[in-house]
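Colleague: The structure is given below, and queries will be raised subsequently.
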Amino acid sequence: GQRGPFPSAAPPPPTAAGPAQLPPAEAPVGSPGAAAPPRAALSGRRAALQRSGKDGAGGGALGRPLGPTPSQSRFQVDLVAEGAGRPAEELRKASGEGSAAGKGSEEAKGRFRVNFVDPSAGDESPGEPGGGSSEGGNVSFQNGGDTVMSEGSLHSGGHHHHYYYDTHTNTYYLRTFGHNTMDAVPRIDYYRHTAADLGEKLIRPSLAELHDELDKEPFEDGYANGDEGTPAGEATASYTPDSKGVVKFGWIKGVLVRCMLNIWGVMLFIRLSWIVGQAGIGLSVVVIGMATVVTTITGLSTSAIATNGFVRGGGAYYLISRSLGPEFGGAIGLIFAFANAVAVAMYVVGFAETVVELLKENGALMVDEMNDIRIIGAITVVILLGISVAGMEWESKAQIVLLVILILAIGDFVIGTFIPLDSKKPKGFFGYKAEIFMENFGPDFRHEETFFSVFAIFFPAATGILAGANISGDLADPQSAIPKGTLLAILITTLVYVGIAVSVGSCVVRDATGNVNDTIVTELMNCTAAACKLNYDFSSCQTECPYGLMNNFQVMSMVSGFAPLISAGIFSATLSSALASLVSAPKIFQALCKDNIYPGFQMFAKGYGKNNEPLRGYLLTFLIALGFILIAELNVIAPIISNFFLASYALINFSVFHASLAKSPGWRPAFKYYNMWISLLGAILCCIVMFVINWWAALLTYVIVLGLYIYVTYKKPDVNWGSSTQALTYLNALQHSIRLSGVEDHVKNFRPQCLIMTGVPSARPALLHLVHAFTKNVGLMICGHVHMGPRRQAMKELSADLAKYQRWLIKNKMKAFYAPVHAEDLRDGGQYLMQAAGLGRMRPNTLVVGFKKNWRQSDMRDVETYINLFHDAFDIQYGVVVIRLKEGLDISHLQGQEELLSSQEKSPCTKDVIVKLDYSKKSETDTSIEDEDGKTPTQPLLKKDSKSQSSPLNLTDQRLLDASTQFQKKQGKSNIDVWWLFDDGGLTLLIPYLLTTKKKWKDCRIRVFIGGKINRIDHDRRAMATLLSKFRIDFSDIMVLGDINTKPKKENIAAFEEMIEPFRLHEDDKEQEVADKMKEDEPWRITDNELELYKTKTYRQIRLNELLQEHSSTANIIVMSLPVARKGAVSSALYMAWLEALSKDLPPILLVRGNHQSVLTFYS
């Protein structure tokens, strides 16, 4: 059928009088109504399915309006209309082909395009019965090679009346695969996020579209995996900025220039010479080397993260949050943005100090030094704000000018070192001399400086490597730009630092008086100092001298050829760093606010203009910077900033280590030169350096990061970034599960691992909370849910429910798993779950069900199924727990209808809402193990209208609702009564013990009831007490019941007989064959023989109920041994009647039967 001809036997074209006479939607395509032989119809169906690579066939689904509805973002194929219904002549005319074609299939294939229905022409799909317009009207044909898209298409931009032309037309498919297929070839647009501003998101055909049999309503949901919620069109419409006029930088302008400017700070000109004086040339190079090691490792890590996927704006914050998750990302984002804002202040104050120095030399101070710094700083920061708000383009132009000045200043210094002037000699500058190099090579620490304090002063000069990454959003290709620019910048700046340190150390002595008269005329024999050998006597500097490496911060301008250039260099270094920080801080903060991790900051996410500039963020940064400038004392703030920067470096390194450790398949950076252990070393180094620089600032930083981390963890923002934390969680769970599989079971480690047949978890809260009380943090809890009914419908629901109810469990703090299965009936479903649920050693070993309360009104086949569930459980060596509340368990028919309906609107039929469908009604009674009275029409107890919102709850419902929440409250000082009549391995005793270990139940006391002979009551009590104390289980009382075997009261026996009357076979009153036939058809019937055989057992259940009424009617909960019925010997109805007789009209009761293997032990 792939190349079959177009249907030749097509109905005549529709007349103008009315719509085409098409078969009703239900008729299969090949039926006589379709007026086409089945073979032709099939190929017609193929033709209808031809689809061009990018665009979807737009003929709407039958029975749907063709507007741009969300579901329309999938293509939908109108079989009947386009296949059998369209006359071949009309096709030929419309495509403008004059030749009498239509016979040869190949010829036709190449010429006819896919037909798109144009939604603007008519609202209804032409194939719909009674579709109003005639068909030719709303089909747009293209004569050219390009296919016009229909409006409700796959394309994100579909709603804007743009027409997209595509190279992937169906001729492409024809030539590649020989036939026109619906399958799409790989292309980048399928992998985009919905909100990408780079291009359109397309949705590839889903598996269902390729694989499901074609039916009347082709595809329901319109979303790709994980993208539900935003119809693709709206999302892109709101996100895509105009791509014209957006400024994007290359690697030199964007990264290299920025990083170099940021790294070469004030230190280069003002502090480097002093460091050489203190530490000597050798240790200075070590200091620079240490700082470089830290920054290089961080640079490599940054490159690795930046090349692992598309980087958006937000720099360090984006890198860390996307790899380590929102907790660390949020903490670092705030700290890093704040550090950048304060860094602006630090650099501006550095600038202002230099200006004030110049003013002081020329005697032009305005007020006094402090206030001058404040005034100049304030004016400067306003000007900088102006430049940065003017836009990124201006800012990067300013950066290049500043870089040129900086390089000129460095060149000026280098030239100066080769021109020793006599006028400079008294100040200590002699040109390159081996003696000076030798003397300055070793350290000479003074004024309590140490190696680490010098390192602490130098290190801020090495930070700034993230300046390029911080504007990642404004780079044309961040993946190649960030590694190239950052690493090159680190290399160049390090070489310059080392070069200057060595040259300053070889030219200038440590101390000089600046006094021309200190020359030595006569040769002194015992000369040790270098200056002395060069005929200068600076020995008077034992006290303090104004000049020399140690004392004069302005050595570089003294050495340089043209001093003002050095001042210009200082200005350019400080202002450029300030500018870079002023731009970085708001961008990071904006990215942080966009992710909505801290809901209070939402307002700062708004961007303005074509570049999405965060003006509000600029203003905030400006205010923070201004505040710190007014302090004007930066020796306190500088170490805190360095610490904040180091904290983020440490986390970047750590996130590379973490991602490599988690072995996530998504971690595959294009940059290969990183190593997880080196990254870990880098992270540790960063933390050590933090303490070296300033221990209290380091502690403060740790406290702040930890505080923010805890806050975000507690708030749990609703984001999912596929972070390495998630990957590692999975890896740990996997490794531990595998390790657990090798561990042998031991009775001391027995845990009740429960499979609870809850149906929809929210429908039976009492069941859930009670089991959760004894499995929480102790054992496994799986909520089984058996879907019945049409398979196709159920499969759809399964996937939707899985996520929904697992979320519901987590939201309600239930430590449980949700396991839905689809099966023909409850028994099959239960078997599937018992055999397959769980993983390795984490498998359920106990089946928990609710009591089937309405068993007498429901179909006895359901009772048979229900009882068989117990037999199956015992066969698979499971323990069984039946929970009964006298009010019932199932509250699904009462549950806040509004809330449930709102969550259900998407899918037309789910189990939470009572749906008027036959199968749903049936599966309701099946899925739920215990069923509420209201579901079955035979029970008039519940007013039907209680389902509508308006009517107030009647008394029964009110009681039911109260009962369903009783295990969520604290239980107070009451009793848990354990009727341990039969030894089942100890599960009957273990469950109540586990309950009392929980907070809500810890005040409850355990009372134990056992059976015994009248004449040995004391003996039995003592034996039991010994056993319990050996098991180390506290109990408040032991009751031995000697009267279990007495005959129950007459009225109770009568009531029991009346209850089972409808289910009896009465074979003694019937013919043999009739009785046999009936037993075969209705195996659950109770035979007289069986009733006689089990008379004593029946009486015992009735009697136990009397005793329970007498002793335990006030208990909070009763735990009792479950009677076992032999498979095949006891009919379902009788067994059900026993359970009913045993447990009726009591407080909540758990009927427990372990699998007869010990779960308690008294050995240590």
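Going from the start of the chain as shown, residues are counted 1 onward.
Cβ from N, Cα, C; glycine included.
Under the heading compositional bias 'Pro residues', TrEMBL lists 8-26. Residues or ranges marked as compositional bias 'Low complexity' in TrEMBL: 27-47. The domain 'Amino acid permease N-terminal' annotation in TrEMBL covers 166-225. The feature domain 'Amino acid permease/ SLC12A' is assigned by TrEMBL to 254-755. Residues or ranges marked as domain 'SLC12A transporter C-terminal' by TrEMBL: 764-1164. Residues or ranges marked as region 'Disordered' by TrEMBL: 1-154, 218-237, 925-952. What TrEMBL lists as transmembrane segment is 255-275, 281-307, 328-352, 372-391, 400-421, 451-473, 485-505, 562-585, 618-638, 644-662, 674-693, 699-714.
Help me picture where these features are in the structure shown.
Modeller: Within the model, the domain 'Amino acid permease/ SLC12A' (254-755) shows a mean pLDDT value of 85, rounded to a whole number.
Long-range contacts of the transmembrane segment (328-352) within its own chain (CB-CB distance under 8 A, at least 6 residues past either end) are made by residues 265-266, 270, 314-318, 320-322, 372-374, 376-377, 380-381, 384, 470, 570-571, 574-575, 577-578, 581-582, 584-586, 588-589, 591-592, 595, 597-598, 620-621, 624-629, 631-632, 634, 637-638, 640-641, 644-645, 647-648, 651, 655, 701, 704-706, 708-709, 712, 717.
Remote same-chain partners of the transmembrane segment (372-391), defined as residues 6 or more beyond its termini with a Cβ less than 8 Å from a stretch Cβ, comprise 247, 344-345, 348-349, 351-353, 355-356, 359, 365-366, 398, 575, 578-579, 582-583, 609, 611, 613, 615, 618, 622, 625-626, 629-630, 632.
Long-range neighbours of the transmembrane segment (451-473) within the same chain, counting only residues 6 or more positions beyond its ends whose Cβ lies under 8 Å from a Cβ of the stretch, are 249, 254-256, 258-259, 261-268, 271-272, 275, 278-279, 283, 287-288, 290-292, 294-295, 298-299, 302, 306, 311-316, 318-319, 340, 392, 443, 445, 481-482, 485-486, 489-490, 493, 497, 577, 580, 583-584, 587-588, 591, 638-639, 641-642, 645-646, 648-649, 689, 692-694.
Distant neighbours of the transmembrane segment (562-585): 258, 261-262, 264-266, 268-270, 315, 337-338, 340-341, 343-344, 347-348, 350-351, 354-355, 358, 380-381, 384-385, 387-388, 392, 395, 398-399, 402-403, 405-406, 408-410, 412-413, 416, 464, 466-467, 470-471, 554, 556, 617-618, 621-622, 625; these residues of the same chain sit at least 6 beyond its ends, with a Cβ under 8 Å from one of its Cβ atoms.
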Colleague: State the non-local partners of the transmembrane segment (618-638) in its own chain: residues 6+ outside its ends, Cβ under 8 Å from one of its Cβ atoms.
Modeller: 337-338, 340-342, 344-346, 348-350, 352, 370, 373-374, 377-378, 381-382, 385, 388-389, 460, 582, 585-586, 589, 604
Colleague: Do the transmembrane segment (281-307) and the transmembrane segment (699-714) share at least 3 Cβ pairs under 8 Å, sequence separation 6 or more?
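Modeller: Contact absent: fewer than 3 Cβ pairs fall under 8 Å.
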Colleague: Of the stretches 255-275, 485-505, 644-662, 674-693, which racks up the most C-beta pairs under 8 Å with the transmembrane segment (699-714)?
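Modeller: Looking at each of 255-275, 485-505, 644-662, 674-693 in turn, the most contacts to the transmembrane segment (699-714) are made by 644-662.
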Colleague: With pairs closer than 6 in sequence left out, are the transmembrane segment (674-693) and the transmembrane segment (485-505) joined by 3 or more CB pairs under 8 Å?
Modeller: no
Colleague: With the transmembrane segment (255-275) as the reference, which stretch in 400-421, 644-662, 674-693 has the largest tally of C-beta pairs below 8 Å?
Modeller: 400-421
